[in-house]
Every structure is written in C-alpha cells, then in structure tokens.
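J.: Before I ask anything, here is the structure I am working with.
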Amino acid sequence: MDVTIQHPWFKRALGPFYPSRLFDQFFGEGLFEYDLLPFLSSTISPYYRQSLFRTVLDSGISEVRSDRDKFVIFLDVKHFSPEDLTVKVLEDFVEIHGKHNERQDDHGYISREFHRRYRLPSNVDQSALSCSLSADGMLTFSGPKVQSGLDAGHSERAIPVSREEKPSSAPSS
C-alpha cells in the first residue's frame, strides 16, 4: 500500500476550514501576519497552529436561539448605527440590512454593507417582534412564540431599531 506523505511546509493550516481574513468583512481593519503568510506558521514548526477560534470569535457571526417561549437573533453590527440598519419582516423571513457610506477610520476610508436573512419559525408572534442595538454594537432581534393552534399573523412590516445604553448580555461564545 502506497501512502503519500506531504511535508508540513506544503500544508495550509486546516485548509478550507480556516479561511483567510484578507477578504472577509473586516477588510480595512488591518491584518494579522498570518493573513499575509498563512504557510509561515507550519514552516517554522509543523506542530504550531493558529487558534481555530481566534477568527471565529471576532468574525461577527450571528447567533440564533429558538427555545420553547421565544426566538432570538444576536448579530454583531459594531460598525453600524441604528440609522444605518434596516430590519424588515417579509412573510416567514426577517431581513437585516446594514449600509454606511464612505467614512474615514484609522486605516483610511471605508464603506460597509451587509444583508442577512433568517427564516422565522411559524409560531413566532410577528406583531410582538422587537429589535434593539446595545452600546457595544450587538443587535438583538426577538419575538415571543405563540401556542401552535393560534395564527402568528404573517405580513410585511419594518421593525424599528432602538438603541440601548448598556452593553449586550449576549454570550461572547
């Protein structure tokens, strides 16, 4: 049986499971040395690996929770103000859109835009949906669930984003 053994110099740390930050949503915030030379860590030592969760924890990934009583979405939108955000409910989906025009930051000028779309459970009471933005930039979208025999009231409507002065109580995974 022939087994091909590849030298660690030619391996990319975790391959497609560890994407480069170079062109992700943090474009313009500066780079880690790993972003410029991803093969360097395995060249120096085949046993050294960057933390898998370093980029995951700082990537703005949303968290969706659906328990027996309510449905909640947490989304890191620290670069956007409430005026830059639009939250709409279209039938069984919530659409979150953020856009700010070009502005100056520490690294030059930047403009950002994103679209997120989530399916709402069929038993979420759409007349009682709320959305708030915490002081640390965490958007919280929530709605109570109704008992399965009741109509949840599906329609199209905009949800206003209110600003909170305290940091979010969302877990920082």
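Please read every residue number as a count from 1 along the shown chain.
For all residues, glycine too, the Cβ spot is worked out from N, Cα and C.
Look at Swiss-Prot and you will find Gln6, Gln50, Gln147 tagged as deamidated glutamine, backed by similarity to another entry. The domain 'sHSP' annotation in Swiss-Prot covers 52-162. Residues or ranges marked as Zn(2+) 2 binding site by Swiss-Prot: His107. For 153-167, the entry in Swiss-Prot reads compositional bias 'Basic and acidic residues'. According to Swiss-Prot, the Zn(2+) 3 binding site annotation covers His154. The O-linked glycosylation site annotation in Swiss-Prot covers Ser162.
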J.: Can you tell me how many other Cβ atoms are located within 10 Å of the Cβ belonging to Gln147 (deamidated glutamine)?
T.: 6
J.: Measure from the Cβ of the residue listed as 'Zn(2+) 2 binding site' and count the other Cβ atoms within 10 Å, all protein chains considered.
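T.: Here the count is 11.
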J.: Work out how many Å separate Gln147 (deamidated glutamine) and the residue listed as 'O-linked glycosylation site' at their Cα atoms, rounded off.
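T.: So the alpha carbons of Gln147 (deamidated glutamine) and the residue listed as 'O-linked glycosylation site' sit roughly 27 Å from each other.
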J.: Counting by DSSP, what is the helix, strand and coil composition of the domain 'sHSP' (52-162)?
T.: 12 helix, 60 strand, 39 coil
J.: Round to the nearest Å and give the CA-to-CA distance linking Ser162 (O-linked glycosylation site) with His107 (Zn(2+) 2 binding site).
T.: 29
J.: Taking 10 A as the limit, how many CB atoms besides its own sit near the CB of the residue listed as 'O-linked glycosylation site'?
T.: 11
